[in-house]
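Noted in TrEMBL for the protein shown:
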BINDING   H300, H349, H415, H591  Fe cation binding site
COMPBIAS  53-63  compositional bias 'Low complexity'
COMPBIAS  64-78  compositional bias 'Pro residues'
REGION    47-88  region 'Disordered'
Amino acid sequence: MMDAFSSSFLSTLPPSTKLRSPVITTTLRSTSPSPYYAPLPYISSVRIEEKPPTSTTTTKTSHQPPPQSPKAWPPPAPSYASPSVGAKKRVEPRLSTMIFNTFDDIINNFIDPPLRPSVDPKHVLSHNFAPVDELPPTPCEVIQGSLPPCLDGAYIRNGPNPQFLPRGPYHLFDGDGMLHSIRISKGKATLCSRYVKTYKYSIENQMGSPVFPNVFSGFNGLTAAATRGALSAVRILSGEFNPANGIGLANTSLALFGNRLYALGESDLPYSIRLTSTGDIQTLGRIDFNGKLFMSMTAHPKIDDDTGEAFAFRYGPVPPYLTYFHFDANGNKQPDVPIFSMTRPSFLHDFAITKKYAIFADIQIGMNPMDMIIGGGSPVGTDPAKVPRIGIIPRYAKDESEIRWFDVPGFNLIHAINAWDEDDGNAIVLLAPNILSVEHTLERMDLVHALVEKVRIDLRTGLVTRHPISARNLDFAVLNPAYVAKKNKYVYAAVGDPMPKIAGVVKLDVSKGERQECSRMYGPGCFGGEPFFVAKEPQNPEADEDDGYVVSYVHNENTGESRFLVMDAQSHNLDIVAAVKLPRRVPYGFHGLFVRESDLNKL
């Protein structure tokens, strides 16, 4: 990917420079036809420049607070009618803050500059990975077909969008969470983009500069870890921020359970979110479920559509390295189940559930402090000598006494698709992409190949069998949400070209012995995100599993234009039934969720 801005440009910007919408410079280049775009200009470079501040008029809104009290910190910034970020009025920086920022610049420029492409901002934030400003609710134009009535509601996608220009190393996972919501009602669409007003976002927005260190890119090597750790400690002691209020970004995904919508990041507690009747997005606060949820929660909880329960976990660098828990249908958290049989800290990004079990993968990625100390690498790394294993625990376990671990050599799960029981609960089947080149997961995502596999474990004999479903590079796979924890037939997966860019979506039939798939490729220079399946008749038990639509944001790098696509899930080529031209580009991101109008009204 081409550079978005040069290192010299970064070094000359003042620390308080805000990110603004990129200015695109183009060079005409002929391209082959796209399925829905005509040949148009090719992006030759992207730069981010400062815009003059615009005046904003605040509008006070009222709403019912969530049943769980948010943690106390400076209250989230209100919604604004102006497209500028326009958060609360900033105070003049204290002398101590200016001194800390000076030391931060010394670390970033001389002690640990961003030398590797995986943490170099001008590489990581190029093209459509470049951040955008907030966007108030803005009408969109339906330019192809019509939006089906079952899409009344909102498709919301989360992703990283740094509030400030990175002053040093920056990893794709380090950006502040921004939600991009397309609200649909009676065939009309409205786009809104808002930051999740986390404690980190609010403190840094008030101070006008970054305060928190970047977790994924700021601690590579002993010297970098020691200097940034010491600076963070001094900032805490001086009262600049309190880590007890959370250090997370809420930039990964969303979940709906207990009539609450949450923005999630696995390094912190969930943040409660709601959408207004106009399509605007509001952050209600950081939720600890009446003091019962500690430290953090996975960004991939599993929701059982039949029971309304949510199942989740947290993991960390100190024992217990894994803690399992769940929420009842009303959103009340149940007691923790610490898993001490996981004897080493592992990278546990996702998991799966069946009607009887919860399934965890202990993979070859984990905490690797020695590599950081000796080799100057990341504190999270790979261990080639480790044998991956799968842990299976009863879904409603009170303790870990019944957990069983099974060795599955070479199976590294980052994202799980689904799982179900077989043989009256005496076997489980797990669907998941297996990361074949796991050593590149954090540093060189473009070299990662994910092979979707079906893993079956016989709980009586311990026999593990594995079957590849597709040889293509597939990840960010989803299914009809009503089939979570139940045997499903169809999977909709994103095609890496390479990752993290997504060139299309594939529909897999996982019930067949032979490989069967159909796909929709977006065309030259066009890339999308994680697909999401929306059923036409979610309350109809007789409806076919694939009777619905696959939706996703798609960006054309040749024109700088983004669209929201609606595809017929039952058609062989995932035919486009509607396309919405968005008023401005939507950057590439992570995971999304569709929330029906009836559920939005309950928030």
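Keep in mind that glycine also has a Cβ here, set from the backbone N, Cα and C atoms.
Counted within 10 Å of its Cβ, the other Cβ atoms near H415 (Fe cation binding site) come to 20, all protein chains included. On its own chain, H300 (Fe cation binding site) has S253, L264, H349, D350, F351, H415, A416, H591 as residues at least 6 apart in sequence with a Cβ closer than 8 Å to its own Cβ.
Summary of the Fe cation site environment: with the site residues H300, H349, H415, H591 set aside, the chain residues having Cβ atoms within 8 Å of the Cβ mean position are T252, S253, T298, A299, D350, I414, A416. Sparsest Cβ environment among the binding-site residues H349, H591 (other Cβ atoms counted within 10 Å): H349.
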